[in-house]
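According to Swiss-Prot, the protein carries these features:
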ACT_SITE  Asp9  active site, nucleophile
ACT_SITE  Asp11  active site, proton donor
BINDING   Asp9, Asp11, Asp130  Mg(2+) binding site
BINDING   Cys93, His95, Cys101, Cys103  Zn(2+) binding site
REGION    1-164  region 'Histidinol-phosphatase'
REGION    165-352  region 'Imidazoleglycerol-phosphate dehydratase'
Amino acid sequence: MSQKILFIDRDGTLIEEPKSDFQIDTLEKLRFEKDAIPTLLKLKNFGFKFIMVSNQDGLGTPSFPKENFEIAHEKMLDILKSCGIEFQDIFICPHFENENCACRKPKTAMLEEYIKHELYDKEQSFVIGDRESDMILASNLGVRGLRYGELSWKEIENEILSSFRSASYQRTTKETDIKVKVCLNGGKVSIKTGIDFFDHMLEQIAVHGGIGLEISCKGDLEIDEHHSVEDVALALGACIKKALGDKIGIARYGFALPMDECLASCAMDFCNRPHLVYKAKFKKSHLGALSTEMIEHFFYSLSYAMGVSLHLKVKGKNDHHKAEGLFKAFAKALKMAVKIESENLASSKGVI
């Protein structure tokens, strides 16, 4: 099973690297980089595993005795363990660069088992290091590299936590071909379904939900809009669910009451027990090319694809405003529910 893994360099990234001899061979030289420990603790709580990958030039030679290295190295590991941080594996290359060995970073021989058996999730794993060789290693592993020094540990934390809340999803049937991209932390908005009013409503989800949203839909509109609206809902719901991953840390619940001359409300729970309560009446049969009866069907399909319990209701005079109010209320509730506000799962059962 592939895991979310951080491949972490040691000297100059996790702990300070002495500029005098580039060796940490005494306890006096052992100092942690700022915010390294609290960042790793937080990332651990979001399900990341840690692997140390380090080049130690000449380790075991008279210029760098192994026993001297191990004194500081073991102390470092003891400190990390006392804080709740342990490495799943530790890989150290002891060779000089001119020895042209197979294991020295950025080569990947030390990580061959992880590559061969696909033990890491390429989309959700990272290399963290302070040298160009670390960035080349990231490329060789097919993951993203984050360069410490250019980024602080807190900035690295933000980069990682934001990037894994994105997803892409494609749904292709005989009636439709739909592509969806979602970034729950914001981003580009581009929506083209062939139904202008529906595009306008979907834009409300992106803008008022604070999410990046790209949707393209090619559907059988020559028949009617039913398949396009339904399948967009299914694809969007599946994509949001995929972007949330294990849901650790999310608020889980959302509630919103935007008001104009109409009153629209939405209550949402990411409980994985899909259900829709929908209370809305429209005087018109269509808004633009969108049938008003398809609005309920959209939210029904969306709630089941997302795995949420969803309560929507609206009252007012203007049908356009009522429809827009429903989508805005949903967007605001979604923004609240997916916000990361802790490091735990919002469930006494331990699962959502």
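Backbone N, Cα and C atoms are what each Cβ position is placed from, and that goes for glycine too.
The most crowded of the binding-site residues listed here (Cys93, Cys101, Cys103) is Cys93, judged by how many other CB atoms sit within 10 Å of its own CB. Annotation: Asp9 carries the greatest number of neighbouring Cβ atoms among the recorded positions Asp9, Asp11, Asp130 [cut-off 10 Å, Cβ to Cβ]. The Cα of Asp9 (active site, nucleophile) lies closest to that of Asp130, out of the binding-site residues Cys93, His95, Cys103, Asp130. For His95 (Zn(2+) binding site), the Cβ neighbour count at a 10 Å cut-off comes to 17, with all displayed protein chains included. Using CA atoms as reference points, the recorded positions Asp11, Cys93, His95, Cys101, Cys103 were checked against Asp130 (Mg(2+) binding site), and the closest is Asp11. Separation of the C-alpha atoms of Cys103 (Zn(2+) binding site) and Asp11 (active site, proton donor): 17 Å, rounded to the nearest whole number. In the three-state DSSP scheme, Asp9 (active site, nucleophile) falls into the coil class. Classification of Cys93 (Zn(2+) binding site) by DSSP places it within a strand. Report note: the Zn(2+) site is defined by Cys93, His95, Cys101, Cys103, and the residues of the same chain whose CB lies within 8 Å of the CB centroid of those residues, excluding them, are Asn55, Pro94, Glu99, Ala102, Arg104, Lys107, Ala109, Met110. Apart from Asp9, Asp11, Asp130, the residues listed for Mg(2+), the same chain places the Cβ atoms of Arg10, Gly12, Thr13, Leu14, Glu17, Ser54, Gly129, Arg131, Asp134, Tyr148 within 8 Å of the centroid of those Cβ atoms.
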